[in-house]
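Copied over from TrEMBL, here are the features:
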type	residues	note
SIGNAL	1-26	signal peptide
ACT_SITE	T195	active site, nucleophile
Amino acid sequence: MTSRRRFLQAAALGAGAAALPSVALRATEAGAGAARVVSTWDFGVGANAAAWGVLGAGGTALEAVEAGARWAEADLCNPTVGRCGNPDRDGVLTLDASIMDGDGRCGAVAALEDIAHPVSVARAVMEKTPHVMLVGDGAQQFALEQGFEKTPLLTDGAREAWHEWRRESRYEPKINVERDRIQRSRPGDSHDHDTLGILALDAQGRLAGACTTSGMAWKLHGRVGDSPIVGAGLYVDNEVGAATASGVGEEMIRNAASFLVVELMRQGRSPMDACREAIDRVVRKRPEASRRLQVCFLALNRDGEVGAFALHEGFVYALHDGGAGPHERLHDAGAIYSEGVR
Ligand code: SD4
C-alpha cells in the first residue's frame, strides 16, 4: 500500500474516532499472519468459529467462508437464514446465497427451494458452470444434478409465525437490532430479517466472502434481495478488500452497495469510513425511507482492518482473529440514527 493511502486511511480513522462510535480495528501487521474472519450479527460468532476451524487446518479463505455460511444455514435457532428461515407471503421458504473469491470468481443462487445449503450450491455454480447466478427451479434442478438432496425446510415455528403474520398480512420490515439470544430460540421470533455475511482473510493474504439468507420474511413470492447479487450484498477483491451487507436489500441493490464500499476502500478510505460513506449514500437517495428501515455494512480490507456502519444502532458483528484474547467477540457498529431519532 502506498504511504499516501496509509496516510489517508489513518486520517479517516482519526477523524471518525472523534465523531463516531469506534468500530475500526487495525491488524497488527498487514498481509500474511493477519488471518481473520468477520461476520454479521450475533450468530456470526458461531459462523466465525466454523470458518476459523477451516483456516486453522490450512484451508483457504473461500473454504472458510463456505463453512461459516453452512453453519448458519444449519442453525435451527435462526429464522432468517437457511433451514429455519421464515417464508414468503405465500408460505414458501426461498433461499438466496452468494460466494466470492478475491480473484473475481463468484457464484450465486436465488429463490432456491428445499435445498439445505444454498451457499454450497452457489459455490458449485461458480466452479462447475460458465455462469454466475441460477434462480428458482433452474437452481434447484442444478443442485439436484450436483447431488444435493431435496429436503422440506420450513419448520413448524416458521409456519406458525407465518399463520400469525397472515392475520394482518402487513409487510412492514422491522428495524433489526442485535437479537436477544433467548428470544431467538423461540418459534415465531419477531425478527423478520437478518442475514449472514461473512468475510475472511487467510494466512496467504487471500480474501473471500459469502452471504446467505432467507431474505425478507413475508416478501412477495419471487422477490430476490441483495444477498445473492454480486456487488450489492457481497463484493470481494484481493487488491483492496471485501464488503457485505445486511438489512433491506432493495437499498443495497439501488446503490450497488458492497461494490461501492470496496471501491471507496480502493480510493484510500478505511473500512469503517467506506461503510459510513455508503450509508450516507443510502440516506441521500431515500432520506424518508432511511428512518424506517435498517441497512448495515461490514468491510474487511486486505491489511486485516475491519469496519462496520449501519443506518440504525443495534447492528453488531463478530470478529475472530485467533488472538490470545477472547477471539469471538461481538462489536457494535456505528450508526446514523439512534433509538430516539427514528
Ligand atoms: C434481503 N438483505 O433479502 C437481506 C435480508 C437481510 O437483515 O439481510 N436482512 O434483503
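Quick reminder: no glycine exception, Cβ is built from N, Cα and C everywhere.
The shown structure was predicted, so the numbers you read here are calculated from the model rather than taken from an experiment.
Following the DSSP three-state reduction, the secondary structure of T195 (active site, nucleophile) is coil.
Counting Cβ atoms from all protein chains shown, T195 (active site, nucleophile) has 29 others lying within 10 Å of its own Cβ.
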